Structure formats: structure tokens, C-alpha cells
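S.K.: Below, the features straight out of Swiss-Prot:
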{"type": "BINDING", "residues": "Cys95, Cys99, Cys105, Cys109", "note": "[4Fe-4S] cluster binding site"}
{"type": "DOMAIN", "residues": "39-72", "note": "domain '4Fe-4S ferredoxin-type'"}
Amino acid sequence: MANQRMLGFVHTAQRMPDKRPAAERRQDFAEIYARFSDERANEQANRCSQCGVPFCQVHCPVSNNIPDWLKLTSEGRLEEAYEVSQATNNFPEICGRICPQDRLCEGNCVIEQSTHGAVTIGSVEKYINDTAWDQGWVKPRTPSRELGLSVGVIGAGPAGLAAAEELRAKGYEVHVYDRYDRMGGLLVYGIPGFKLEKSVVERRVKLLADAGVIYHPNFEVGRDASLPELRRKHVAVLVATGVYKARDIKAPGSGLGNIVAALDYLTTSNKVSLGDTVEAYENGSLNAAGKHVVVLGGGDTAMDCVRTAIRQGATSVKCLYRRDRKNMPGSQREVAHAEEEGVEFIWQAAPEGFTGDTVVTGVRAVRIHLGVADATGRQTPQVIEGSEFTVQADLVIKALGFEPEDLPNAFDEPELKVTRWGTLLVDHRTKMTNMDGVFAAGDIVRGASLVVWAIRDGRDAAEGIHAYAKAKAEAPVAVAAE
């Protein structure tokens with residue numbers, strides 16, 4: 001009875017992979033979860049009830065065929081499970097590690113709603129695809145024929161790389177341009193190693209190179225070439241730069257030293273982990289060692305910052321967030337990990353200013369009451385009069401979200417249209433901007449979001465580019481000449 005299909009959840013409890021003790025994982029940047037054993041993966045995959053309406057798949061941005069690869073895993077058919085997994089996702093082993101499954105597939109699992117505990121979808125996904133790499137099943141997707149057309153991709157993050165792989169598989173010569181010296185974007189420089197070890201990204205980047213994708217690192221559009229120049233070189237150009245401009249806080253003392261942006265802090269930490277020498281880390285300005293650290297914000301980036309500060313040897317780490325725990329945008333799992341590792345959360349508190357002469361010594365804050373819900377359904381923060389207090393701080397990290405850069409100006413293309421939020425305006429069916437042959441995908445279109453949404457957008461953009469290139473090739477010569 002225990003092995004009966006679709007009833008495994010009745011007899012088998014939810015079990016996550018083994019997690020390293022908090023005291024141990026505070027000491028390094030290695031991933032905190034072990035991989036499932038074969039037996040554990042089979043057991044946990046067998047908990048899937050094979051629902052008639054798979055809400056896990058419905059709530060997956062790339063529409064992964066989750067019940068199918070869970071069933072195949074439970075039957076020991078791992079190579080088939082891998083084939084199903086990679087059919088809808090360019091980076092499944094990455095999503096298995098960093099997706100907030102508690103907000104997506106697992107949070108909407110029918111078994112979770114029935115109080116039996118969700119199927120551990122993300123951990124099984126990681127197991128399937130890590131096994132595929134170990135067994136040599138992962139191969140470059142080379143085209144059956146070359147089309148003789150080239151596409152330029154600006155940005156080597158998840159949206160850009162997903163599109164690059166799809167386009168290369170269709171037969172395009174794909175050139176990826178990125179401002180950094182390594183490909184991967186925020187997968188390399190924004191997400192800490194304890195969530196995503198960089199070797200996992202590096203092997204994917206190499207796989208695309210083996211398929212024929214051509215990389216141009218240290219290439220900045222607007223400096224090394226303008227967007228008009230790239231348009232003349234390629235049949236189509238995809239803008240997938242992400243959003244890197246940090247939201248700031250305007251408060252007394254915000255210009256003091258040692259008040260830094262989250263991405264600057266995380267990028268420095270990741271570069272050091274990769275073996276680079278970074279002056280800002282060496283001189284202590286972007287190094288939490290021995291400091292009282294306060295992180296402002298409640299999203300996943302804030303969680304990355306507090307957990308990084310712990311590993312760098314901070315004396316204390318506090319997270320200041322204006323709403324309560326249940327209303328924070330970050331993953332609840334990440335909050336739990338942070339608490340285990342020694343982070344203190346100060347809920348319903350907002351910064352009002354900073355103390356110090358030349359460098360910050362404290363954060364002046366006020367207590368917050370959550371009032372009536374706004375149009376989005378979230379309760380509106382309201383300041384409690386007379387509730388001021390100060391938190392000691394030698395380093396303040398602002399993790400308040402990201403905004404788009406001024407791309408029309410940066411790319412020397414003033415005709416490129418943006419929305420009122422500064423994101424690129426696209427036709428959401430084709431992903432094309434207002435400029436012929438210029439497409440956009442990922443955060444630069446939807447705003448700061450999840451890696452898995454960037455993958456979906458990149459895949460969709462590749463289809464839009466392919467349809468555009470085909471139509472252009474089939475058009476009458478006179479029209480094409482115009």
C-alpha cells in the first residue's frame with residue numbers, strides 16, 4: 001500500500017534534503033542543502049498525487065511538466081525525467097536551487113493545501129538535473145542546419161542566455177554582449193554561492209559556448225557600440241539587460257559613508273568568492289567583517305545580504321522591514337534560514353534617517369502600524385507617533401529594489417520607447433519594441449522579478465525573433481529593400 005501510485009503522500013511524510021547545521025554553514029559560501037539520495041528522491045517523487053488539474057504546473061512561469069517528471073523519477077526513469085524537465089526550462093538545475101517554490105509550484109501543490117505537506121518539487125528537480133550532468137546526458141543543442149542569420153543579445157543573464165540557447169538551436173549565429181567579464185549576469189554576481197554555487201552557472205555558460213553561442217564580455221553598449229550599430233550588424237537585437245539601478249532612500253544622513261547599495265555589496269562578495277581582488281572589499285567599505293550590519297528591505301535580495309554578512313563575520317546582523325513577516329515579499333524559507341544563522345529581524349519598522357559625522361553609526365527608525373489594505377490588498381504602513389528608536393550600525397545595506405537604467409540615453413537610441421516606470425515598452429505577443437527588429441525580455445520589460453520569469457521571457461522572445469526573421473526573409477525584395 002505504501003508504494004501505491006498517487007497515494008504515497010498518505011504514508012510518506014514530506015522530507016527535504018539534508019541541511020547543513022547553521023553553525024557550519026555560517027563559515028562558508030557553499031550550498032546549504034545536500035542532494036537527494038536515489039532512494040529519497042524516488043520516495044519523495046512518489047508523493048505526487050498526479051492531480052487532474054496540476055496547480056504546480058499552472059503556477060510555474062515556464063509551465064514545467066512537473067507531474068510527468070515526478071512520476072518518471074518515482075519509477076527510476078531518470079533520463080526520461082531529465083528530457084521532460086529540460087524541454088520547458090533552459091536552466092532547470094538552477095531553478096531547482098533558487099526558485100521560491102514556496103510561492104510558486106510547492107505553495108500551490110494540492111497536497112500542501114490538504115495539509116500533508118507539498119511534494120518537494122524543487123529538490124527533485126535539482127536531483128534530476130544534477131544527475132543528468134553527472135551521467136553525461138546534458139548535451140549542447142546544436143542546430144541541424146545553419147540559417148546564415150545572426151542575432152545580437154545584449155545581456156548575459158537568464159533571459160539573454162535562455163533566448164541565446166533557443167535561437168542557436170534554431171540555426172542562428174548568436175552573439176551575446178555583456179558588460180561584465182563573466183557571463184551569467186545576476187546568476188553570477190547577484191546571487192550568493194550558498195544558494196547557487198558558481199560552478200553550476202559556469203557549466204551552463206560553457207554548454208552554450210559548445211553549441212556555438214559567441215560571447216563578448218566587457219562589452220558595454222553605448223561605449224563599445226551603439227544600438228544602431230548593432231542593429232546594422234544583426235537581423236535582430238534582443239535587449240535583456242535586467243534592471244540594475246538601485247532604489248534609494250531620501251532621509252537625513254543618507255549620504256554618510258558605509259551606506260551602500262545591495263547589488264554593489266553582493267557583487268563584491270561574489271567576485272571575492274570567485275577569486276578576484278576587489279579594493280572595496282580589502283579596504284572594508286564593502287566588507288561586513290567585525291561590523292554591526294543593518295539591511296533595509298524585505299525581499300530576496302535583502303535575505304541574500306543578511307546571510308552574506310553573517311558569513312563575512314559581522315558582529316551583528318539586523319534586517320529592518322516596514323511590514324510584518326507574513327506580508328514580506330521574500331521567501332519564507334529564506335527568512336527561516338537567516339534566523340537559523342543568527343540574523344535578527346525588526347518587523348514593522350522603517351528608517352527615518354541615519355546618525356554619524358562622516359560614516360554611519362546608526363539607523364534612526366520608527367515603529368509601523370499596518371492599516372487598511374490598499375488597492376493591491378496589502379495593508380498600508382502607518383507611522384506610530386513617538387515610537388522613534390535607533391539601531392547601531394557600522395554598515396547599512398539598502399535592499400529596496402531595483403529600477404531600469406536610462407537605456408535610450410545609454411544605448412544612444414533616443415527613439416527607443418519606455419513605459420512610465422522606465423521599462424522598455426514591447427508588444428507582449430512578439431516581445432518587439434517600437435523599433436523594427438529590436439526585442440526585449442526579462443526584468444527590463446517586467447521590472448525586477450524572478451529568474452524563472454526571465455527564462456520564460458527569453459524563450460518567448462526567441463520565438464518572436466524567429467517569426468520576425470522568417471517573415472523578413474520571405475518578404476518581397478522591394479519591401480525588404482525599404
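Cβ coordinates are placed from backbone N, Cα and C, and glycine is handled just like the others.
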S.K.: How does the model score the domain '4Fe-4S ferredoxin-type' (39-72) in terms of mean pLDDT?
M.R.: 96
S.K.: Could you tell me which three-state DSSP class Cys95 ([4Fe-4S] cluster binding site) falls into?
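M.R.: Note: Cys95 ([4Fe-4S] cluster binding site) is helical by DSSP.
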S.K.: Could you tally the C-beta atoms, other than its own, that fall within 10 angstroms of the C-beta of Cys99 ([4Fe-4S] cluster binding site)?
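M.R.: Cys99 ([4Fe-4S] cluster binding site): 26 neighbouring Cβ atoms within 10 Å.
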S.K.: Taking the Cβ of Cys95 ([4Fe-4S] cluster binding site) as the centre, how many other Cβ atoms fall within a 10 Å radius?
M.R.: 27
S.K.: Going by DSSP assignments with H, G and I as helix and E and B as strand, what are the residue counts for the domain '4Fe-4S ferredoxin-type' (39-72)?
M.R.: 18 helix, 0 strand, 16 coil
S.K.: If the [4Fe-4S] cluster site is taken as the center of the Cβ atoms of Cys95, Cys99, Cys105, Cys109, which further residues of that chain fall within 8 Å of it by their Cβ?
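M.R.: Checked against the 8 Å cutoff, the neighbours are Cys56, His59, Cys60, Asn64, Ile66, Gln101, Leu104, Glu106, Ile121, Gly122, Glu125, Val452.
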S.K.: Which state, by DSSP, holds Cys109 ([4Fe-4S] cluster binding site): helix, strand or coil?
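M.R.: Cys109 ([4Fe-4S] cluster binding site) sits in coil per DSSP, no helix or strand.
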